[in-house]
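J.: Before we start, here is the structure in question, set down as structure tokens.
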Amino acid sequence: MDSTQVKAAVIKQVQQEANLVNARTLIEKLQETCFEKCVPKPGTSLSSGETTCMTSCMEKYMAAWNMVNSAYIARLRQESGH
């Protein structure tokens, strides 16, 4: 393996680890934000209203996350000249 291949492998591994951290962060924020908003009094199960609220909240949060991520990636590409 030459130095170019080693560098590419390291970059790929770092990107995968960063993606994993981002996914974990997203899940944690979804749980915190949506659960606090939609489930004021936790019980043994979610009511239909709580389930609907959680679904809606998660969809909105994911859409916002994707929008921010896309803008961030576009900016990185622009700055790197791609």
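Note that Cβ sites are derived from N, Cα and C of the backbone, with glycine treated the same way.
Okay, so Swiss-Prot annotates it like this:
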DISULFID  CYS34-CYS57  disulfide bond
MOTIF     34-57  motif 'Twin CX3C motif'
DISULFID  CYS38-CYS53  disulfide bond
J.: Go through CYS34, CYS53, the listed disulfide-bonded residues, and name the one with the sparsest Cβ surroundings, counting other Cβ atoms within 10 Å.
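T.: Looking at the disulfide-bonded residues CYS34, CYS53, the Cβ with the fewest others within 10 Å is that of CYS53.
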J.: By a simple count, how many Cβ atoms lie within 10 Å of the Cβ of CYS38 (disulfide bond), its own Cβ left out?
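T.: Counting Cβ neighbours of CYS38 (disulfide bond) within 10 Å gives 19.
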J.: Run through the Cβ atoms and count how many others sit within 10 Å of the one on CYS57 (disulfide bond).
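T.: Within a 10 Å radius of the Cβ of CYS57 (disulfide bond) lie 17 other Cβ atoms.
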J.: Tally of helix, strand and coil residues over the motif 'Twin CX3C motif' (34-57) according to DSSP?
T.: 15 helix, 0 strand, 9 coil
J.: Using C-alpha atoms only, work out the spacing between CYS57 (disulfide bond) and CYS38 (disulfide bond) and round it to an integer in Å.
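T.: Distance (Cα to Cα, whole Å): 8 Å.
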